[in-house]
Amino acid sequence: MTLHRPVLRAVGLTKRFGSVVANDDVSLDVAAGELHCLFGENGAGKSTLSAMLHGELQPDAGHIEVDGRRTDFRSPADAIAEGIGMVHQHFVLARALTVIENIVAGTSRSGWRLGLTEARERLSRLCGDLGIAIELDAPLWQLSVGEQQWVEILKALYLDARVLILDEPTAVLTPQESGKLFGMIGKMRDRGLAVVIVTHKLREVLQADTITVLRRGRKVGTLDGRDATVESLTRLMIGGDLASSPARSSNSPGRVAVQATGLMAKGSWGETIVDDVSLMVRSGEIFGIAGVAGNGQKPLLEMLAGIREPESGSLLIGDRQLEGLSAADFMRAGVGIIPEDRYAEGLVGPFSIAENIILGRHRSKDLCRGLFIAGDRVVAKAEEAMRRYSIAAPAINTPVSRLSGGNAQKVVLARELDQASVLLLANQPTRGLDIGVVATVHEELRRKRDEGVAVILVSEDIDDLFDLCDRIGVMFAGRIVGIVSPETTSRDIVGSMMVGRAPAGGATCA
Amino acid sequence: MMDALLDNALLISVFVTMLRSATPLLLSSIGELAIQRAGIWNLGVEGTMLSAAFAAYAVVVATGSLPLATVAAVLVGALVGALTSMLTVALKLDQFVTGLAINLVASGLTLYLFRSNHAVFSAGNFTGFAPVAVPFLADIPVIGRIFFQQRLPTYLALALIPLAWFFLHRTRQGLELRVLGENPKVLQTRGIAVAPRLWLIIVAGSGLTGLGGAFLVLGLSDRFIPEITAGRGWLVVVALVAGNWSLFGTITAVFAFAALQAIASHAQVLNLPVPYQFLLALPYIASLATLMIFRSRSGQPAHLGLRDIGK
Amino acid sequence: MRIITRSGPSVTWSIAVYGAAAVVGLLMTIVLISISGAPVGASLVALGQGAAGSPASIASSVVKATPLILTGLATCVTYRAGLWTVGQESQVVAGAAAAWQMSLWTTGMAPVVVIVLCVLAALAGGAALGALVAWFRTRFGISEIVSSMMLNYIVFFALAWLISGPWMASGGTASYQQTGLLERAYWLPNIVDVGKMHIGVVLALIVVIWLQVLLKRMPLGYEIRAMGFNATALSQRGVDKRRLVLTVMVISGVIAALAGVGEVFGVSHRLTGDNLSGMGFDGIIIALIGGLSPLGTLVAGLFFGALHNGSLFMNVITGVPTALVTAIQGVVLILFLIAGAVRRYRIERA
């Protein structure tokens, strides 16, 4: 295919936040009809760059050109007026409203009356061009995640976007939905649209026409998609070669730590969200749970932690029968949990590091003296945790809401690893963290396993699961559809099980 | 007692009173619905109504003009709305605390202003809105007496119901208001400034609430007493919650409360075998019962009461 | 020029902002007094004299402040827990009414027994009302704001019925209803022989200290603060949220009820339709101005209690209505809320 002159051009963009330079002199050209990839690991500055490209942030130095004209985006409205559309990683949608209402809201095409006839026609034409079918009058909450992303794309195209920026577009999609998305991107590219994808996934990068690699806020290279290889990209991204992943457990698993039978859970509308799940995990074993988000992993972990009461089923942890008991009883039985959303579920934001370290153990005898919480003991415990996990903070009384994501997660780790003497539950413990903290988390999970604790790890990242786990259960539609061994199973099989297709043999229930 | 209830004239009187008592609640609840559907958990309804009622009273006593008094009430309502906007939208204070503070300051200030000018106020007599019979329609038996011999604001309140529905569901501004309450970022990412819109909605909605307050003085009682709102602002909030934030659900709850008030005000004639105070408490008891029965919150705007409003 | 969010509060800036709020509050007071047509200077002097001009007036200011401090503390404990109840008003009444009923049942017994039983009944009354709000919330998901406000009205009408019917004094009239006077022997004892310095004053101080220690040092206080910030994280770490909501509401009911029984058994010695009204809301204002800390509430309560007391004298001398203080309370609350928000920002030259 032929590449055209640049439609969008960034020249020497620099953005500082206080003393941190998020983008340092970054330039790039995006041509009409090309798929351009912004590639780099978490914290490399991709999001800052894309925020400047669509007017959400303003550069401290440098400028942006559209069609060769110098522009000055003071808000997303300016960028939209120049034909720059943006699809955020976390969709910006009103769930109670319909598809078409979401698309036309905030556009002035329709006058004061909400005449939707013309909008309907335009949108059905657009859908036809992209090869998708969507019910325009359906309320948004009825749509799958993939369909919600279509709505986001339609929102941009409805306003005549010529450049479409997609931030981590496949992060929440199934492999099938991702395939469909790239199909749509292909059609847009053929129609002369420029598409910019922000991603850290190697597989996607290789489909791009042009790749711009960022590291620590600087551009470290621009590659032609045809010339790029996994090795060259990796080297550029991390500035060196990847260390080979450490070996799995060498010691053999011990006695049964968790025996769950027939666990059922219902959602807030009465729908079944965990459907007859049984599993057994031994101490000294890491049991992975693979699956696309929203297939019952979270309620399953919540039941195993005693946070959610099962509709039915039995649950043996250590040597205690725990179904129907409270979260406090589960904690006494030695269960710790690293929740999915550390700020919403794991930490009390305005509380200090020390206060968060004792959350849930604030009544235990070794932290109290008589009727009071013993301040000196809490301080000692918190100081030890800060040393042990090298939590970077001014003091133990710093509120955790002022900590970086990685340091906040270390506070959760310090508390829960100490708590989990029999079973450790971890739901996406490395999400959104820098590579250094990710390594720490993985190391701690392995250490816990070696101490003879049973670990259950929920992740959407198949690579992580294959690196860490002794066995992997795959969840789909609230059920565990198979339990596989990473030694004998390929990633593709697990991927297809994640979307509900039965494995072609090979997977056995352990 | 039952024969008394079935008495035609009495029944008509109860219905007439119901529409009359419903008027301030209708006006205020439509104003409040606009504000809450835009995502602001405004609990200052009571204080807004009270301030406006006092303004209407002060102006009508001073000038004798009903239109002027009504305009003054709407303006004061809007002013309270501007204060609410400043605290919640500009300063991003907790919306519950803001609403509570508005109620408390309105209660204290109106009480003081009323007492400190007692001589002026106690001398001023006035007549509020008189019933206006709609030609022809007023002559229809029963229905005519109930619906078409009401006061002007009552007609306005009834007309506002379909207008409010049309605004919310059939205009661009109405859609954008609902979007604000669900996810203000949708508008923000399209480059639309959210704060000025919220100011406008809160000020306009509070103005309408103020009109409801004016009716307490000019249409219900022809006088002012401290705390004349007597919890009506809170009933409006309850009506929204019980009505699951839909216009028609809210209106239904409003009419139910108004019916109870109408029955209470006919207690002596009806000669019901319960203490008079029980009848007065009935709307509040009923509102708790309603909330216990209608527990769906599915219509609650997703962004209601959250403080990250944006710019 | 642009406005920037501060990373941490600066002490001098805070003092400046709150100082400005206080000055504006004073200016508003002057405006309000002049609206009533009274001489401003003389009114302010009378207000001050009435509040703290003599040992007797100081004592009576403290007595006036006591119920406000207590309802303020009832507010602290709930608002710190993130429970936005406005039911202090009805908890005060429930406490007083329960105590009154107990006094009717126990007439004739030894005074000590009667007083103790009446105070206990008051605590039970306040606790019951608090528990009711907790039940509405945990069982039916009804916001405590709404349910407590509705209960305020219901309790108000219930009291109106009681004092106009079953408890009405023989001397009561249709226009001003009240119970008869409590027998002298059953009055709360005074701690010192000045004015009406009843034992409730000491109880209020004890509650201030207890609540301060509870919130700062004890596991329950830790849970209360944690629930206020992040109830989900707390309950996921094994704390039973329903029980905690119930506990907090009962504590708040008990504290507010103390205000009610203290006022009726220590000061007015009878129940009327209005001698308890407004105490709950005054307490909310005072707690918010006091920054929801027990010690702050004590200070704010003493200040406004003194003003309420002084306003009686001012009313006699210059004719300014006592409602001035109610109005000022509201104004100062708004000003302090604004100050609290402005404190987080600073203005910088771009």
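Quick reminder: no glycine exception, Cβ is built from N, Cα and C everywhere.
What TrEMBL records for C:12-35 (among others) is transmembrane segment.
Residues 83, 85, 87, 90-92, 94-103, 106, 144, 147-148, 151, 155, 185-186, 188-189, 241-242, 245-246, 248-258, 260-261, 265 of the same chain sit 6 or more residues outside the transmembrane segment (C:112-138) yet have a Cβ under 8 Å from a Cβ within it. According to TrEMBL, the transmembrane segment annotation covers C:112-138 (among others).
If you look at the transmembrane segment (C:150-169), the same-chain residues 6 or more away from its ends with a CB under 8 A from one of its CBs are 86-87, 89-90, 93-94, 97, 100, 104, 129, 132-133, 177-181, 270-273, 277, 280. Among the features that TrEMBL reports, transmembrane segment is placed at C:150-169 (among others).
Within the chain carrying the transmembrane segment (C:197-215), a Cβ under 8 angstroms from the stretch's Cβ atoms is held by residues 59, 62-63, 66-67, 69-70, 73, 76-77, 80, 187-191, 221, 224-225, 255, 258-259, 261-263, 265-267, 293-295, 297-298, all 6 or more beyond its ends. The transmembrane segment annotation in TrEMBL covers C:197-215 (among others).
According to TrEMBL, the transmembrane segment annotation covers C:244-265 (among others).
Marked as transmembrane segment by TrEMBL: C:285-307 (among others).
The transmembrane segment feature in TrEMBL is assigned to C:319-342 (among others).
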Test the contact criterion for the transmembrane segment (C:12-35) and the transmembrane segment (C:319-342): 3 or more CB pairs under 8 Å, pairs 6 or more apart in sequence, then answer yes or no.
yes
Sequence-remote partners of the transmembrane segment (C:244-265) [C-beta within less than 8 Å, at least six residues beyond its ends]:
66-68, 70-71, 73-75, 77-78, 81, 83, 85, 87-88, 91-100, 103, 115, 118-119, 122-123, 125-131, 133-135, 137-138, 144, 182, 186-188, 198, 200, 203-204, 207, 211, 220, 223-224, 227, 234, 271, 275-276, 279-280, 283
Would you kindly list the residues that approach the transmembrane segment (C:285-307) from elsewhere in its chain, counting only those six or more residues past its ends and only Cβ-Cβ distances under 8 Å?
47, 51-52, 58, 61-62, 64-66, 68-69, 71-73, 75-76, 79-80, 205, 208-209, 211-212, 215, 325, 328-330, 332-333, 336-337
